[in-house]
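Input: a single structure, listed below in structure tokens.
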Amino acid sequence: MPETTAPESKPEVPVPSAARRGGTSENIQVFIRIRPLIERETSQERCAGSHSIRATDHQTIEVRTPESTIKCAYDAVFDHTFSQEQVYDRVRECTQSFLQGFNSTLFAYGQTGSGKSFTMFGAETDLSRYRPGLQNSQAGIIPRAIKEIFAATVQMEADAQATVFCSFVQIYNEQIFDLLRDTQMNAPLEIHEDRQNGIFVEGLSEYAVRGVSDCLQLLQCGEQNRAVRSTHMNQVSSRSHSVFQLLLEQRRKDGTVLKSKFNLVDLAGSEKWNMGAEMQEHHISEMTNINLSLHTLGRCIASLSSKSTGGPTHVPYRDSKLTRLLQDSLGGNTKTKIIATLSPSIDCVEESISTLKFADRAKKVMVMVRVNEQREIDPAYVEKLQEELEQLREVVRLLRLPNSANGDDGDEYGGDNNENHEEDGDQASAGLKARVLRLVHENTELKHQNEKQQKELEKLRLQQSPCASSMVSSAAVDPQILQHLENTVRQLKEASDRFFRFEIEEEELKVIHSRLFQGFQGGPSNPPLSASCSPLSTGGRTFGGGNVMKPRPPLKLRSFSSFTSPGPVAPKPVAPMDLTYRVRGRSSSIDANGNGECWKNDIQAAPVMTVEKELEMSRKAIEKQTKLQNWLIEKERREILKLQQEQQFIDEQRRNAAEKDAKFFKRAAATKKKLLVATAAPVSEALDFSSSKPATAET
């Protein structure tokens, strides 16, 4: 079925008023997808006999075994004839709800090798799924949803300002890692909750994406960084749960703001224990944590499904990082859909039945959803209203004292003039009221103009400060300092020349010193070195006391259509450096505007490398290498001494053995001689006796 580049936008469904006020109640929708048989399973299926897993219609699935036949009904059942586009059309409601301001979640659940990653991401062999302009039929739900979301944001420009953010996390061994910025899994993150943000991952980077290509590039980058391992069912199986989250902020002209999030989850597959195989420790840890988190997910679904029928109310969200992160999706303000993937192989019947039981419980869970609509509160506007309120209170206080304008001694004129005084007081009060209101209005206008001018002045001051600092020219460097730096570089070069005569040589350090020494020959007009052109920032190594970081090899790719070979390996993508991102949680710093968001990008994060800093880093690197060289020399000396001692011990053992052998042979020769002497005497006597016996007979 041909696929269009940008999906056609369907007419926008009006949001019910109940969904805006208090929310509406609905069930979690559950879909079943049965992948096709692979080559090694085809021969087994011919001999299966009474085993079969098939879809009887578009909503019913049948599992037949020799013992029983199970039939289950779900919202939809997709067999192997359904294309990727047809599957996405059935779950497109999640994307449309996300655009309307609802929170949405879609996750794939199933056994390892049953097609979860293919459903969510697409075929790994089809790299065109990451290219927004190409037509393909193997792209998964996530790339298709991204294209539709950005196509809809273009149509929103007339009524609202839409901004899309994306983040990508993985849960590996019950630890959360940022797939976009922590590719080496060195900094695990924690889950927090507050009234304003709900449940969030503190320290997670959220990129402000500008279009489909940026979002797909981040998706590809994060997918390549996931933890994978070969299993019995899949050569390249995901060993971590991944959550790709999209955030949409729509600022409308009437002042309302819609904030919605879209969680696209690819769960790690469950895997049976192979009692006959010897497994490594990390393999055991992976399987334990994956099965534990999936078991906790099943417990949460079971508790939520029984909760509607009056069962236990406790839901163990906090027993696993996965369920804690998806707490809103399971029982909160989120439209949730589950795609349970199955393998039709007879070897997977037990796992398939377990998956169907999970799906059957999940479709009974009720969620309450509502539009996340709020009016943005402007602190300046609130302050203005408070000032006007205080001024009006002062006016009311003055109006309650009508005699204060004419004095309090009106009784001295007698009772005949009371009526005249009252009339004069009313006129004075009306005039005073008009005058006070006019002055209050003028005062308010002047205050706002003053605040506006102060903000503009502060903005100009901030804009001029970088320019003033950039006017410092390198020509203004003190000649004495320059001479000192030249001497330092020359000394470092001499030391490095002596150092590089040894066996351990660092070509990068040699290049740095040669370039710096040549650069100083040109005088003080040489520009400072930037981090982008410095050899210290190139390659896979860092100097100056940093850890040695080797580039991670590209991961093998998963394929839905072929489970026997990983397919071609794509080059490892890199996140765009010019994309800005914000960091969630209390660890974020506050920017100058005070809105709690600190925007960064990798270009700004790269510090400008000056000559002095680079020289200091080179000096520290040389000191480190010198210590390493001395340590190696000392180690070599100890090894030689140890070898000499071992050789002396061996020689001594050989001498002792030779002495023992000589003594043994000497004793053996003496013993042999004694034995020969002892045995020679009886023989001679016998010979003498035999020679004398015939003579006696003759006699």
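In case you wondered, yes, glycine gets a Cβ from its N, Cα and C as well.
Of the candidate ranges 1-22, 45-66, 111-132, TrEMBL annotates residues 1-22 with the feature region 'Disordered'. Cross-referencing 296-323, 436-463, 576-603 with TrEMBL places the feature coiled coil at 436-463. Within the same chain, residues at least 6 positions away in sequence whose Cβ sits under 8 Å from that of K116 (ATP binding site) are A108, Y109, G110, S238, D266, L267, G269, I339, T341.
Annotation for the binding-site residues Q111, S117: lowest Cβ count within 10 Å of the residue's own Cβ, Q111.
By the criterion of other Cβ atoms within 10 Å of the residue's own Cβ, the least surrounded of the binding-site residues G110, G113 is G113. Annotation note: Q111 (ATP binding site) sits in a strand segment as assigned by DSSP. Cβ-based neighbour count (10 Å, all protein chains) for G115 (ATP binding site) stands at 25. Of all the binding-site residues listed (T112, S114), T112 has the fewest other CB atoms within 10 A of its CB.
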